[in-house]
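> Once you've had a glance at the structure underneath, I'll fire off some questions.
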């Protein structure tokens, strides 16, 4: 091997490549650094970004459907750029491309934190009257709304979208070029295990994001400027320190990029892997020589695309990934919100629980999926059979979304203001002259366990006492006819206590559902790799991602956000415009989630079955070069420097594997 070729595979920074650095020039060390990158990427994109959903909604007065577009911006960016990167990324310096992706991730995380530093202090209504107000005073308050003040916070949505676009550039490079680099460096039999470990770290990242991000939400958003606040994390108006995780992640991405910049164009093991690999390409009568000639210019792209579309195994596995990505991206974005609303927990505790479920479920599922493929030595057909089985099991377990706690008795929402009265909205005869609004949600509870939206909606004319109670509540007196004096009708701050232990049934079943859902990921990666021509792998990966993102991961969070908004019972209204939702219909939320998950999972199972049905294995499976040639080249240290061997991945690996 000549000096120039040796320099291309050595670790170092420019002319500095000492022998001590060559200890890291192997697949295991590379896997470690890429796994750290995957963990950080998952921590930001699918961890703290999802944990912060409720806080961002509340802080910037956004409905769930618009917050869902933040997650979709990542997939739009990654999907479009994935095609370009995959087509022109072959033969390039892959480690350097992955290291550059780290820098894009760092920039994106910094942009995501910017809105906190640009806006002023969060106002949760500390200067607004909570009890019954004089109509004249309320009218003055409403007239103070200005066109500029109404929506300026919502404009920061576009800053979040820009940050996610930067994340998309980094993420798509990691999961196209990074996974290709790993697959190029290890034998085919070990590739699913290596990729499974890498994806397990990508699910560990979101888990850490849920747990750490959940703890950060217990800190008040402006904790470094405000000494004390009168609300607690259990208050619906609470906004935690959502921005801290993005700042920390931005710095850590810079740290991880340093060792990745030190790798050469390929690992020393790559040549041996290339010479001994056995083909399992789908037999469609397309000659390998014709495929290898493609890719020299952009004019070849339509022909390359058409060859992939004629490969039924690739097409159906991509569509299966599309359906999986649709449901998983939506659930990943709104899982903490689902737990919070269905079981009445705080946003912080819901985030922590989501993380504790995601760790053993998603990471364990992917690791087990890789182990099964390796131990059982599954070929393409065997891996597709495995995917069909676990897909059906996960479908059955998705019925867990029906498990929920009943919504509290809320006057004007679930029960009438008078006993036996029909529900007719938050405004009733007992509070009609109080000029109440839904701009702020401060629930209060009567001694009869009836909850009111606020002291104003309870008709309370007295101010809050030191013990957190309000007196002279006309609506409480109207509900409880036995009260003889208005002064005896009181409510206390906070929601009514309700004992519900169904969450402890929900969480273990959800863990199993996630576990079986993610067993699919490593086999899907391997099938994608094996069923296409070697020279088309990188481009096929980009096309697969583009299809999965465009049809699945982009609309998924937006669609889930829309169906969540559709179950809203009480909206926050400011200056006569809707902002975020305060109270949801639990039963409708369970029904909508169940219908979507079952339909999408059924379609994914059908796609796996069709991929199994139409996959046609090659007639013969011989190594690219004989073992004799390989041994001769290895023993004598000769042989041509490694050229490009393209990629492997799963169209939904990045988002699906980070649920």
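Keep in mind that glycine also has a Cβ here, set from the backbone N, Cα and C atoms.
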> Per TrEMBL, which of 463-481, 482-500, 501-519 is transmembrane segment?
501-519
> With TrEMBL as the source, identify the stretch among 193-221, 280-308 annotated transmembrane segment.
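Checking TrEMBL against the ranges 193-221, 280-308, the transmembrane segment one is 193-221.
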> Pick from 68-90, 390-412: which range does TrEMBL record as transmembrane segment?
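My reading of TrEMBL: the transmembrane segment range is 68-90.
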> Checking distant contacts: for the transmembrane segment (313-335), what same-chain residues at least six beyond its ends satisfy Cβ-Cβ under 8 A?
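Distant Cβ neighbours of the transmembrane segment (313-335) are 46, 49-50, 53, 64, 67-68, 71, 75, 206, 282, 354, 380, 384, 387, 517, 520, 524, 527-528, 531-532, 540, 543-544, 547-549, 551-553, 555-557, 559-561, 564, 596-597, 600-601, 603-604, 607-608, 610-611, 614-616, 650-652, 655-656, 658-659.
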> Which range out of 68-90, 193-221, 501-519, 539-564, 593-612 gives the transmembrane segment (347-372) the most CB pairs under 8 Å?
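Maximum Cβ contact count belongs to 193-221.
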> Restricting to CB pairs under 8 Å, which listed stretch, 29-48, 68-90, 241-264, 593-612, is in contact most with the transmembrane segment (193-221)?
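So the stretch in question is 29-48.
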> Report, as numbers and ranges, which residues of the same chain sit near the transmembrane segment (501-519): CB under 8 Å and 6 or more residues beyond its ends.
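For the transmembrane segment (501-519), the far contacts come to 203, 324, 328, 339, 342-343, 345, 353, 357-358, 360-366, 368-369, 372, 386, 390-391, 393-394, 397-398, 400, 403-405, 656-657, 659.
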> Do any residues, 6 or more residues outside the transmembrane segment (156-181), come within under 8 Å Cβ-to-Cβ of it, and if so which ones?
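For the transmembrane segment (156-181), the list is 30, 34, 37-38, 41, 44-45, 49, 56, 60, 62, 66, 69-71, 73-79, 81-82, 85-86, 89, 92, 94-95, 97-98, 100-105, 107-112, 114-115, 118-119, 195, 198, 246, 253, 266-267, 525, 537-538, 541-542, 545, 645-649, 653-654.
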> Run through the domain 'Kazal-like' (424-477) and tell me, per DSSP, how many residues are helix, strand and coil.
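Its residues fall into 4 helix, 9 strand, 41 coil.
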> Where does the mean pLDDT land for the domain 'Kazal-like' (424-477)?
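Within the domain 'Kazal-like' (424-477), the model's average pLDDT equals 84.
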> Could you name the stretch, out of 29-48, 241-264, 539-564, with the greatest number of CB pairs under 8 A to the transmembrane segment (68-90)?
539-564
> Would you mind listing the long-range same-chain contacts of the transmembrane segment (539-564), meaning Cβ under 8 Å and 6+ residues beyond its ends?
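Cβ under 8 Å, 6 or more out: 63-72, 75-76, 78-80, 82-87, 90, 172, 175-176, 179-180, 295, 301, 304-305, 308, 314, 317-319, 321-331, 333-334, 337, 528, 532, 581, 584, 589, 592-593, 596, 646-649, 651-652, 655.
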